[in-house]
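Trainee: Mind having a look at this structure? Questions to follow.
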Amino acid sequence: MTENQTAHVRALILDATPLITQSYTHYQNYAQSFYTTPTVFQEIKDAQARKNLEIWQSLGTLKLVHPSENSIAKVSTFAKLTGDYSVLSANDLHILALTYELEIKLNNGDWRLRKKPGDALDASKADVGTDGKQKLTEDNKKEEDSESVPKKKNKRRGGKKQKAKREAREAREAENANLELESKAEEHVEEAGSKEQICNDENIKESSDLNEVFEDADDDGDWITPENLTEAIIKDSGEDTTGSLGVEASEEDRHVALNRPENQVALATGDFAVQNVALQMNLNLMNFMSGLKIKRIRNYMLRCHACFKIFPLPKDGKPKHFCASCGGQGTLLRCAVSVDSRTGNVTPHLKSNFQWNNRGNRYSVASPLSKNSQKRYGKKGHVHSKPQENVILREDQKEYEKVIKQEEWTRRHNEKILNNWIGGGSADNYISPFAITGLKQHNVRIGKGRYVNSSKRRS
């Protein structure tokens, strides 16, 4: 296979979403070689996508590589630090590990990557590519040649008068140099202040623009047709079919030389958790719709109002009732966030007029030994044979584990009944004319409820 000179990167790693939504002709000018893992390749079951994979296989352009155990362990450790490990599947970890492995192989080490979230990168190393290395070697050779030539000694002649004049001249030059340094320092401070003010204004404007985007976001979509059915299923599973939500990419990255270290390996995926880990590791992300480098991604995460920790949204769609860090109940709120590829920082975008609802915090939970409890249960106290009202306040309570297990059983039971009623999704989408019977309802109640301090109306 001849190398593509118009490619953006040398190696492009493709996840399941790019392979399902686009064909080889869409990616052929994006990279010189394409990679994926065997598990992702076997995961694709869609008929049209399998036809596209047959084209990839016939051309021999898609390489199936399984990452090493060391790479998987490194990526898993980093994902645990970012908080995304709980929502990453084995295929997601393998894709990230393969990208990490190729990055180390093509750039001779992991000097471009972060060891842990928030680490500062060495800009001097990042800016030096292969051309820069050649220039450095040439400069070193010139310095060695200049050092090999012996320098002539300057012999000066003169007595005490010449020495006094020379010392006076050196004193004047030193004084002038000090004055120049002070003036330059004042100018530098003024310039730094003005630049800082400009940066603050730009950041304020940028954050306000982002907040406007999040507040004005609309969830309405198009009609689901047989043509976009696969994309609709992928969207429902929590992945992004447009490359990234709110991508901000740069057009100038198209024309950068392929020998630069930052243009060796890129990852194309629609999964936000994978994108989040990749950006915080400083791995390159490519928008598989436009072929441009993703600078920042925007999505939603869960933020605890008590401890301010941020967690990814569960992929299975199940609600999280307790904070994994502080154990707070009802404190997890959905929050818009953006991830920057340059710094790896996750920035939450909060509402400026947000007010926390303090309803239910006036009184503490009643004690089992209180007079009201004695009136309700009698002097015997807690009796297991009578109906109880056990308040769920912590995740490790046996009552919580019991209701979660019951809710999971109810969900599977209802799905089974619905599949039988619809007809299993046949070709003509046959629906039974009989009414649905046998559906069960089950709700998990956490805490005392919204109106815990309100007095109940007696009938």
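Backbone N, Cα and C atoms are what each Cβ position is placed from, and that goes for glycine too.
These figures come from a predicted structure and were not determined experimentally.
Pulled from Swiss-Prot, these are the listed features:
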BINDING   Cys304, Cys307, Cys323, Cys326  Zn(2+) binding site
COMPBIAS  151-164  compositional bias 'Basic residues'
COMPBIAS  373-385  compositional bias 'Basic residues'
DOMAIN    10-115  domain 'PINc'
REGION    120-205  region 'Disordered'
REGION    366-385  region 'Disordered'
Trainee: Using the centroid of the Cβ atoms of Cys304, Cys307, Cys323, Cys326 as reference, list every other same-chain residue with Cβ within 8 Å of it (recorded Zn(2+) site), in sequence order.
Mentor: His305, Ala306, Phe308, Lys309, Ala324, Ser325, Gly327, Gly328, Thr331, Leu332
Trainee: Using a 10 Å radius around each Cβ and all protein chains in view, which of these binding-site residues has the most neighbours: Cys307, Cys323, Cys326?
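Mentor: Highest number of other Cβ atoms within 10 Å: Cys323.
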Trainee: What number of additional C-beta atoms lies within 10 angstroms of the C-beta atom of Cys304 (Zn(2+) binding site)?
Mentor: 21
Trainee: Which state, by DSSP, holds Cys326 (Zn(2+) binding site): helix, strand or coil?
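Mentor: Its secondary structure by DSSP: coil.
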Trainee: Give me the mean pLDDT over the domain 'PINc' (10-115), rounded to a whole number.
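Mentor: Over the domain 'PINc' (10-115), the predicted model scores a mean pLDDT of 88.
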Trainee: DSSP three-state call for Cys304 (Zn(2+) binding site): helix, strand or coil?
Mentor: strand
Trainee: Quick check on the domain 'PINc' (10-115): DSSP residue counts for helix, strand, coil, in that order please.
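Mentor: Per DSSP, the residues of the domain 'PINc' (10-115) fall into 63 helix, 14 strand, 29 coil.
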